[in-house]
Amino acid sequence: MKMINQDTICAIATAQGGAIGIIRVSGPKAIEITSRIFTPATGKPLTERAPYTLTFGKICSPKRKINNTLFQQTSEIPQEKSETLQKTSSITSSAEEVIDEVLISLFRAPHSYTGEDSTEIMCHGSSYILQQVIQLLIYNGCRAALPGEYTQRAFLNGKMDLSQAEAVADLIASSSASTHRLAMSQMRGGFSKELSNLRNQLLHFTSLMELELDFSDHEELEFANRDELSSLATHIEQVIARLAHSFSVGNAIKNGIPVAIIGETNAGKSTLLNALLNEEKAIVSDIHGTTRDVIEDTINLQGVTFRFIDTAGIRQTNDTIENLGIERTFQKMDQAYVILWMIDSTDAQRRFEELKADILPHCEGKKMIILFNKSDLLLATQKEELSAIFADMKVEKLFISAKKRENITILEKKLVQAAALPEVNQNDIIITNVRHYEALTRALDSIHRVQEGLQLELSGDLVSEDLRQCIHELSEIVAEGGITSEETLQNIFQNFCIGK
């Protein structure tokens, strides 16, 4: 295992306001520094205790020091008072202030989360107590940890690869059963093992092809069988394409299934968003064009996270800013998984055919629900007329009143049915990380070029160059071969919380 020389760090690992607080200490002097401020209730000092043990005791501040200048001017103080103050000084200077009674867990390198000597101090959750303990640790030689520094040290010390480290952040942020399963799957290393296996096979062929270059004078020599390499490239192409394709599902699970609420101005889109979120998220007004930019928020419905997007109303306008908002509406429609088309049922103009021409090109391959809003103001015959106009569209349709929350519960059920994402278990390998997706896309381009080079019977040095590029992209995901830049690592770990 690769160990790195570092200082010793400390941080509060638990959220404020809980009954129990935990402080993590990690580094070469973690046990020594912790023992300086900790007095065990019984037995050996902390430095002599075995790993994976819990020790009960107390955290104490250093002995108090009295300013001796107070007693230098004894001639100005009556003799009896001077003696009393000196006795008080003697008592105070020998006493220790107990901060809290605590439990301390002990881990010795390399068998800890970070791969370093580590302690975890479990105390009462008072913010005062936690800050006092942190100050004592820093006074005795610790440094306050940076965001994500514990997991970064675990990565640098070989306890996990980079994709597993990123999964830690996903696990912390998981808000549903599906996001939890995906994070756990990545943390267990299934994704990393599959990539490492592909990478090693490519390395084998690359080394054989480069060996041929050393014997370029003997053109008849062929160490790397081209048919076997072509079969391998086809297999790798299929695996990478499957992983990259899974990103659309993984991203929807992780960040919420994107649902675009679209329609004309004043159709009730913002009112619907507020009804779904059960809060006044968007401004509602009778003035046309009130929403000029997209408004997004998430909500969990029956265990499924949805990301609702309230968009600018679609209409002809000369307002430059409003037109920019309408352009973004179409962009969000292209990105959405589900589209809610809001229609003002009371609109006498009824320019539905024109709207269809604008909207439908952005809806191909997407789930759509047509919502006839303000249906509480319609007669039964009017509802029949509306249904007839849209009879040619084989999509879900629902009459609602966003303002009165009529049929909102039914809409929520239809949304869950429309989402219909595949069931996820901890053995599934599904991509949720944009960085991974982009690297896989580049790797796919490289393996395409390898296939083309083999078909065109290009020289081994040209084919091996594309092989090396594919290896590089796969290595970038898990940081094998030490090729990941310091900037990439910083961008990843700075998004972690302090204490993790």
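For all residues, glycine too, the Cβ spot is worked out from N, Cα and C.
Listed in sequence order, A13, I22, I23, R24, V25, I104, S105, F107 are the same-chain residues six or more apart from E120 ((6S)-5-formyl-5,6,7,8-tetrahydrofolate binding site) with CB atoms under 8 A from its CB. Look at Swiss-Prot and you will find R24, E120, K159, K500 tagged as (6S)-5-formyl-5,6,7,8-tetrahydrofolate binding site.
As annotated by Swiss-Prot, domain 'TrmE-type G' applies to 256-420.
The feature K(+) binding site is assigned by Swiss-Prot to N266, S285, I287, T290, with sequence analysis given as support. All protein chains considered, the CB of N266 (K(+) binding site) has 22 other CB atoms within 10 Å.
Swiss-Prot lists 266-271, 285-291, 310-313 with the feature GTP binding site, giving sequence analysis as the kind of evidence. The DSSP secondary structure for S270 (Mg(2+) binding site) is helix. S270 (Mg(2+) binding site) has a Cβ environment of 24 other Cβ atoms inside 10 Å.
Here Swiss-Prot flags S270, T291 as Mg(2+) binding site.
Annotation note: R24 ((6S)-5-formyl-5,6,7,8-tetrahydrofolate binding site) sits in a strand segment as assigned by DSSP. Least crowded of the binding-site residues (R24, K159, K269), judged by neighbouring Cβ atoms within 10 Å of its own Cβ: K159.
A Cα-Cα distance of 56 Å separates N266 (K(+) binding site) from K159 ((6S)-5-formyl-5,6,7,8-tetrahydrofolate binding site). Distance noted between the C-alpha atoms of K159 ((6S)-5-formyl-5,6,7,8-tetrahydrofolate binding site) and S270 (Mg(2+) binding site) is 48 Å.
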